[in-house]
Structures are given as C-alpha cells and as structure tokens.
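Encoded as structure tokens, the structure appears first; notes follow it.
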There are 4 protein chains.
Amino acid sequence: MKELTDQILYDVIKPRPNNSFKGTYGKVTLVGGNRNFGGAIIMASTAAVCSGAGLVTTATDPSNSGALHSQLPEAMFADFNDADQVASLVEPATTVVVGPGLGDDETSLAILKNVFAHTNEKQNVVIDGSAITLMAREDLAQPQGNIIYTPHQMEWQRLSGIKITDQSEERNKAVQAKLGATVVLKKHHTEIYTNDEVYQLTIGTPAQAVGGMGDTLAGMVGGFTAEFSKSPLKATLAAVYSHSAVAEQIAKNQYIVLPHQISRSLPVFMKKMEAGKTEHQIGFLN
Amino acid sequence: MKELTDQILYDVIKPRPNNSFKGTYGKVTLVGGNRNFGGAIIMASTAAVCSGAGLVTTATDPSNSGALHSQLPEAMFADFNDADQVASLVEPATTVVVGPGLGDDETSLAILKNVFAHTNEKQNVVIDGSAITLMAREDLAQPQGNIIYTPHQMEWQRLSGIKITDQSEERNKAVQAKLGATVVLKKHHTEIYTNDEVYQLTIGTPAQAVGGMGDTLAGMVGGFTAEFSKSPLKATLAAVYSHSAVAEQIAKNQYIVLPHQISRSLPVFMKKMEAGKTEHQIGFLN
Amino acid sequence: MKELTDQILYDVIKPRPNNSFKGTYGKVTLVGGNRNFGGAIIMASTAAVCSGAGLVTTATDPSNSGALHSQLPEAMFADFNDADQVASLVEPATTVVVGPGLGDDETSLAILKNVFAHTNEKQNVVIDGSAITLMAREDLAQPQGNIIYTPHQMEWQRLSGIKITDQSEERNKAVQAKLGATVVLKKHHTEIYTNDEVYQLTIGTPAQAVGGMGDTLAGMVGGFTAEFSKSPLKATLAAVYSHSAVAEQIAKNQYIVLPHQISRSLPVFMKKMEAGKTEHQIGFLN
Amino acid sequence: MKELTDQILYDVIKPRPNNSFKGTYGKVTLVGGNRNFGGAIIMASTAAVCSGAGLVTTATDPSNSGALHSQLPEAMFADFNDADQVASLVEPATTVVVGPGLGDDETSLAILKNVFAHTNEKQNVVIDGSAITLMAREDLAQPQGNIIYTPHQMEWQRLSGIKITDQSEERNKAVQAKLGATVVLKKHHTEIYTNDEVYQLTIGTPAQAVGGMGDTLAGMVGGFTAEFSKSPLKATLAAVYSHSAVAEQIAKNQYIVLPHQISRSLPVFMKKMEAGKTEHQIGFLN
C-alpha cells in the first residue's frame, strides 16, 4: 500500500488559467436526498460547489429545494422524480454523484436505475451511500463511466461480498480489479483501490466521526473530478486527501468538525495549495 | 446539596480515540416541534449535533423540514405523524429526546404515547417541556429507559404535585426517588436530582433568560448522553454545566445569549475541555 | 424640542438581576408579513428577539414560517389567518407589534381588526407601516393600550391629516395629544411626540436608507417595551436611540447598513451600555 | 477600446446626502428564477440589495419565496405567474432586471412578454441570461427603456447573430448601434458597448469562473442603476468594475469566489470608494 501524501495536492490544484470560464471547470449533477435525508444531498452539493466545479445541479426530493437554495443558491434544483429531466441532467455532466441520502425504497431504486441508464463512458460516476446498498441488494449492473465507489466498510461488504473482518488489501484489490472501478474505502486510514495501485490515507481525525462527513467527501470527489478532469484518478485522490487535511486543521480548535465547515474552508485551503509545496504555509486556517 | 464544578467536564469530555467512527458516538432521535413551535426542536437538534452525537434524527411537523435542513443539514428528518417511522427511529436510538415544541393538543399526545410505547430499558429518554406537561395532565406512566426530566419549576409542579413555593430539596428528592429518574430542575441555580445525590449548579447568567434556552439544554443532554454513553448521569451533569459555562463566556460581551450561540460554541469549548483541567485556558472564546 | 441623548440608554439598559427568568422580560406578539412582505415581519421579529424580549411569537402568512424558523428559531410561529389563535396570542402579550408587511387588502384589514379587538389597557401596542395606512383609510378607532405609532412622514400624513410639507412640531403635537399616543415620526432627525415632551433624534446616517430599516425599528420598540416594561416611554426612546447609534457604528465601515445587522449587533451594544455612561467604550463594535 | 479604470468608482460612488431616504435610492424589480433556477434570482436580488438600492422586489416562482426570505428578508416577493402583480411592480421601478434563472419554456416566455409590455422610456431594463436567449429565439422586439444587455458570448451570438469566433469590436459595435442599447459582453476582459464608446475591463480573476457570477453582476447593475440613477451608464460601468474589483480582493485568499461573497462585500467596498481615489486604501477587505 502506498501512502497518500500532500504531494497529490500540488499535482492537482494548480493556478487557474486566466482565460478560463465556468465551462472549463465542468458540470456536476448530484442525485439523492429523499424526503428524510435531504441534508445529505445538500452537504454533498455544498462540497461540489465549494470545490470549484463550474456548474452544479442537485436532483432531489422537491421538499428539499427550499433548504438547498437557502444555503446554496449556486446550485440548480431538479425534481429527482422527473425521470426525463434527471436524464437530461445526467447526460451532459462531467461527473454524476448518486447516492447521498437517496434512501433504499422503490422510489430510490427507480431513480438509481434511471441514472444508471443515462451515464456514458466519458463521465465520472461517483456511487455513494444507499446507491451502493441498492446496487448490491438488487444486483444492478455497474453503469457506464469511470466509476468511483465511496463505501464505508459495511457498504463495501454488501457490494464486494467480503465481510468487514475479512477485508484485506488483497481481497479488496481482487474485487476492485473485477469492477474496474476506483474504490474509496472509508475507514480509519481510508484506503483507495485503483487499477494500478492501492493508496492509504494516514491523516485524519476522530473529530470527523460525525454524520454527513461521507456525503461531503462524495461531493468533493464530484467537484474535484469535474474541475480537474484531465486526471479523474488524481482528482479523486486529491479530494480524499483535502477532506482530511482540512478537517485536521479545523480539529486543532474543535472537538468535532461539522461537515459543512470542511466545504466552506475549501476555497481558502485550495488557494494555499496552488502555490505549491514549498510556498504554502502550514496552518492555512490561521 | 453538592456543588457541581467544572471537574465534571474533565471527567466526561476526553480526547476521542483515533479508531472511532460515527457509530461510536451514538444516535439521538428528537421528537417535537409542531407547526407553531418548530424553532424549539430545531434548537434542540442543533445542540445535539454540535455536542458531537454520531447521528441525529429529528421527528417533527413536516412544515419544519425546510427550516431544519436550512440550518442543520447534519440532522435527518422524519414526519412525527408517521407513527411507524417514529417507532423505527426511537427503537435503535441511544437517546430519545421528546418534548421541545411538541405542544399539548391531541396530536401531541398521540405522538408522545407512540414514543413512550417504543423506548426500552437500555436507552436514555430525555423528557422536556410539553411532554412533561402532557404526562402530568394525562397521568401517563413513565416509559421504559433511563429517564431524564428537564422541567422548569412550573413543569415540575405539574409532574411532582409540589407547588413552586414548596419545592424544597427534601420534597423534590422524595418525588425523584419515587420516579427513579434524573431530574434537572431548571431555575436560578439549577438543581439536579439523581438516585444518589443532589447537585446544584452555581454558575450561569441572567443573559440566558431567553426563549429557547431550555430546548438547547434538552438537546445537549441528548447529545452528551449519546456520545458519552458509558455514564449517562455524568454526561447529563456535564451537559448542564457546559450549557451555563458557555453562556457565561458569551455573556461577557453580550447582554443576552441566543440559544444557538451556545450550540455553535460547543465544538470549540469541548476541545478546550478535553485537554484537562490544568491545561485548558479560561476564556475559551477569546 | 428636546434632544434625545445617549443618557436614555444608561437610564434604561441596566444589568439584569441574577434571579430573573424569561418571563421577567415580557412577551412580544408580532403580527404582519403577508405572502409578499414576509421579510418585513421576519426583520421585526429578529429585532424583538435580539433586543432581549423573553418570548417572541410571530403571527404571519403560513408561507413565511419556514423562512422565519430558518433565521430565527427563537421565535414561535402562528398563522395570522387563524383569528382565535391570534387573539390568544395578543391577549397575554406585554407588547403587540402590528403592521410590518401586513399589506392593505381585505385580509390585512380583517387581521388588523382582530388584533385591535383583543388588546387591553395594560399592553403596549406598536402600530407600524400598513397598519397605520389601514387605520387612516378605514377610519378605525384606536385600540386599547399604550399606543405607539411608528409612521414615516407619508403614513403620518394619512393618519394625522397633516400634509408632509405642513408637518410642524406644533401641528404634530396637537394631533398626538388628541390621540393620547406616542408618535415616532421617522424622518431625517426622527421626532418622538409624547404626552409630555417632544424629542428629537440628532444621530443617524443615510446608510440607513434601506428597505426594512423601519420594520427593524418597530421590532426593537416591541422588544424594548416588553423587556423594560416599567417605563414603556423610556424603553421606546431607548429603542429609537439604539437603532441609530448601532447604525452609525456599522456605517463607519459600510456604505449601507442592512437592517438585520442592527438587530444582530444589539446583544453586544446593549452589554456596553449596561455598564453606564462613564464606563462604556465608544466604538462598541471595534 | 477604452480601458475601464477605478476612476469610475470615484465618479459614481459618492457619500450619501444626509437628508436622503430609501426613496432616494430607487426601486429595483427583478424577474426570474423558475422552479429549477431559483438560486439565480436570489443571487441577483442579493446583489441588488447589497448594492444599496432603496427597495427591491423579486418576482419569481412561488417555490423560491422561502429561500429568498431566508437569505434576504430585505427583498419583497411576488409570484411571477401573477401577470397583474408583475405589471404593477414593473411599472414604478427605477430599474427592471429580467432573466436570471427565468428559463426558456412557454411560461418563461409569457412572463418575459408581460414584463416587456410594461416597461417605459424612463426606466432602466437589464436583460440577462435566458431573457436574451428567448428574445433571440422568439424574435421579440426590444422593450421600451434604457436597455442594458448582459450576455455571455453565446447569448450575444444568439442576439446579435455574430458567431463567437467572429465577435470583433467593430461587428459588436455595429449591432449595439442598431439596438441603441448598452451591451455588457461578459468574457475574459469583459467589453461594454455603449452609444459613445467601447470600454474594456482589464481586471478580474479566473476565481470568478463559478456558476451564479453573472446573476450577481446583473443584480449589481440593477442596484447601481437604481441607486445612482442620474447616470445609468456610469452606474453600469461602476457595477461592472466593482464586481471584478471585489472578486480580485477575495481571490487573494481563495481559489474560487462564491458569488454571494461579492454581494456581501459591497457595503464595505463601497464605503472605501466613497472617500475618493487618493484616500481609499487598497486591500479593502483586510
């Protein structure tokens, strides 16, 4: 296993070219947030916007549109029950994020199938939370696209068939190879399984053990892969590293870190990183 | 009566173990907030999230879901009229908080009975506000669980039958003993009646005399007992002490303290406390 | 005309007694905010809460309840179309504020009449905005209570029959005397007509020339008269003075002052004032 | 092409006269924000309010009213489907802003036609986003008023018939002359075509390449032209310059700039500018 270091940040987060516009930074379509779990998709969307994606659209239950716009007017809204509209938003997206707060009932399943039916090979597709559970339970085929799974250990058990206690690097790698997807296995010292390499994250803090932390990570992977689309793999690694690096900084002064604090800190954090390793100051929030 | 001191903070608020996850810090299910009093359950939920509970779900009137997610995407939502869903959220909770903004009409009563029917001996059940009034008025049996009442003096009069002017330590203790519950009697110099001991809080400020302050305390007791579940009693005492300690700090610069300010200050406050008595700096907000 | 000075702040804003609770600081019921002007009653309610009133309830159009709780969970909500509920909230109030964003259609009128039918001699009744226009247009009798009008010059023209260009101290005083009410005539150098005296405010800034500034003043008068209920007149004067004093401080660094900034600054401002004239520091926000 | 410099700020942003009131600073009516794009009109409205316009009303889809008031109680709400109400809000406005998030379906078109039918020669009419697209697609006649278009290059292609690659100063100027309108052509180094002159903006940052940035600009042009109504052209230029000047300042510390941050920074920025060129401090946010 290869240790993921802050070098990934300097490789990925570069100064933006002057002659760029929002189209340069990709489109993210997020799908999730049923009537009960609206906060999850709002947190994921906040992460995508604050990461710097050019355009962000959130397809969710209509009961969440007011709260979405209250916090995040930058995101556009779609009713996730409107299959045609969701399809029209999935198709042109640079990255699709599906799962945060989606739920696992019949409606959730229909929405997930609709999303899966409209992705294509050129897209990044981040599959998170209940979308993973549904795939496993319903034995859904993996959709087209550059697939990135962001399971916690129980979700990985469901998807891979490997019990948590049996989840070794070798076994995980074997399933990853069969899937041909990137797997961000969230745990103490998160592991990232890719076609070429297995990475381990050695930073992070127990102050991150708070509901919504994973939704935020999924949204960041969405935002980074859309914005830094030349290398979705490096973008994913940079998102995973940034998520915990920002949390560590906040946790210096806080017992817990609220997920939205990570998202809201990203613009300042990423500015420090674009200057490159030798120039940035440790302790960006101070 | 034993004076409650800041020692309780150092006893309870310890550095989080590295290998912990959100499941380590418990589940809180809060039930309350009718169409008129939605703010109460939002404030209680904010307190529970900011205290550091692992997962927080708020069962409330549907008209409050937008405002809940606008402020607190970390909390999940449930319709408190859906008896089956509420039951399914009460049963696995580490702590149930019922009462803030619940109201006292027929709907409120039905919801309260449903909650009481689904708690179990292993849970903490915080009974606050109109839930106490309803229990007294309807002569409801005390539910299963480690019961923690958080009445103000009038609510205690209703529950205990002791008039405010007659509420002496001895009489209060006698009723507490019959109930076998913890009673946090909110007043100038709040008193906490437990099976073994009566504690008195000697800190606090009249800047706390603001609507919503009690809802915030109930939410903090909910959050602390879920997070520090090894000793729910100590967790309760730490929540009560923290509530006023934070308020005192804020009140150094403010004529009144708004309840959400206490909640939002908790992550910083608790970080200072985990370092232990000799190391933390007085004046944590400066 | 007597110049209103900062002495009124030291006379009114005193340290809170230790053994006080939220009931000590009164109840404010605000009525207004139709479907179009919901922001007005939200701004007024924010002012009342931040002034330090003990309990604040906002009766408004149901479409505003989500936005109210999103910003101000401390306030309770009522549907202003529910005449019985509004009556039950008006009757026990220390101060009723009616008018901000109420509108002037048939619904507005019915609501206003209902409010006026339920006030009593012991209450403060702040009549603002469209409530003044409706009173004049419909020739409504002045309700029971200690009446405080907060008109701008055009609204005062409608109520008093004195054209703006003819609004002299003498003429205004004569109408005030007939009304037996306090009149806060909002203008450059606001004038306050009382039974005994005419006061003039000589502070303030054109940065206050922003929509919602008057709604905030009405809410502050509501909050101050409930909280400092021993002398509603002095409380009114202190509210008027504080409103512009805070605005002046903010305007040192801002081209315009947003109304909610005044409200949110009140807890810090009032803390400085409670120390008394010789002790407080000029420049409270620095 | 003439370089637009910071001199425009000192020409336009002057200290407010003491004896001014909100009516002095004009009325802005914004129309846009369908069910999907509510954030756009909220961002535009926030910009108008923070620019310092006296009164701001937002006509939008009813599903957006809660989020509007949650963030911006200073703005009034109208249902953009109510043609009579929209007409009654367009007619007295100093400036009408139409387009942000309006969409391009049949409903959008009907609303746009209704707005265009009620403007008059004395008003400023800012036409943005989908309103431009609809005008081009439906071949709508330009409405009465001082027209200000704020297209990006593709929208300008649709309106002018000049392909993006062919958009030269000369060709653009020719179409502008035919329109008799001001054209703010948003691009890297935005160009402003007016009857007399072509201006170029040489400041700005790729950190502005974020969804919602254009909505914010449209709202600022709306706010500035209403507030500084003596010279709508100069006001427009000052709005364009301020938008990027503020963004540059924020971008010193952030990888991206969120649109609402520009709006919320305006009161402080404009205060610095009113002091005049020699007196203001560079680095206003520090």
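Glycine too: its Cβ is placed from the backbone N, Cα and C atoms.
For the (6S)-NADPHX site, TrEMBL lists D:A40, D:H152, D:D215; matching the candidates D:G99, D:G101, D:G103 against that entry yields D:G101. Going by what TrEMBL states, the AMP site holds D:K186, D:K187, D:H188, D:H189, D:T190, and the candidate of D:G161, D:G211, D:G212, D:G214 recorded there is D:G214. The average per-residue pLDDT of the prediction over the domain 'YjeF C-terminal' (D:5-273) is 97, rounded to a whole number. Ranking the binding-site residues D:A40, D:G101, D:H152, D:D215 by Cα distance from D:H189 (AMP binding site) puts D:H152 first. Annotated (6S)-NADPHX site D:A40, D:G101, D:H152, D:D215; additional same-chain residues within 8 Å of its Cβ mean position, judged by their own Cβ, are D:G32, D:F37, D:M43, D:A44, D:G99, D:P100, D:D128, D:G129, D:S130, D:G212, D:G214, D:A218.
Among the binding-site residues listed (D:K186, D:K187, D:T190, D:G214), D:G214 has its Cα nearest to the Cα of D:G101 ((6S)-NADPHX binding site).
Neighbour density around each Cβ, counted as other Cβ atoms within 10 Å, peaks among the binding-site residues D:H152, D:K186, D:K187, D:H188 at D:K186. Contact with chain A, taken as any Cβ pair under 8 Å, is found for the binding-site residues D:H188 out of D:K186, D:H188, D:T190.
Neighbour counts were taken at the CB atom with a 10 A radius for the binding-site residues D:A40, D:D215; the maximum falls on D:A40.
Looking at D:H152 ((6S)-NADPHX binding site) and D:T190 (AMP binding site), their Cα atoms lie 9 Å from each other. The Cβ of D:G214 (AMP binding site) lies under 8 Å from the Cβ of D:P100, D:D128, D:G129, D:T150, D:H152, D:K186, each on the same chain and at least six residues away in sequence. Fewest Cβ neighbours within 10 Å among the binding-site residues D:G101, D:H189: this applies to D:H189.
Whole-number maximum of the Cα to Cα distances across the AMP-binding residues D:K186, D:K187, D:H188, D:H189, D:T190, D:G214: 14 angstrom.
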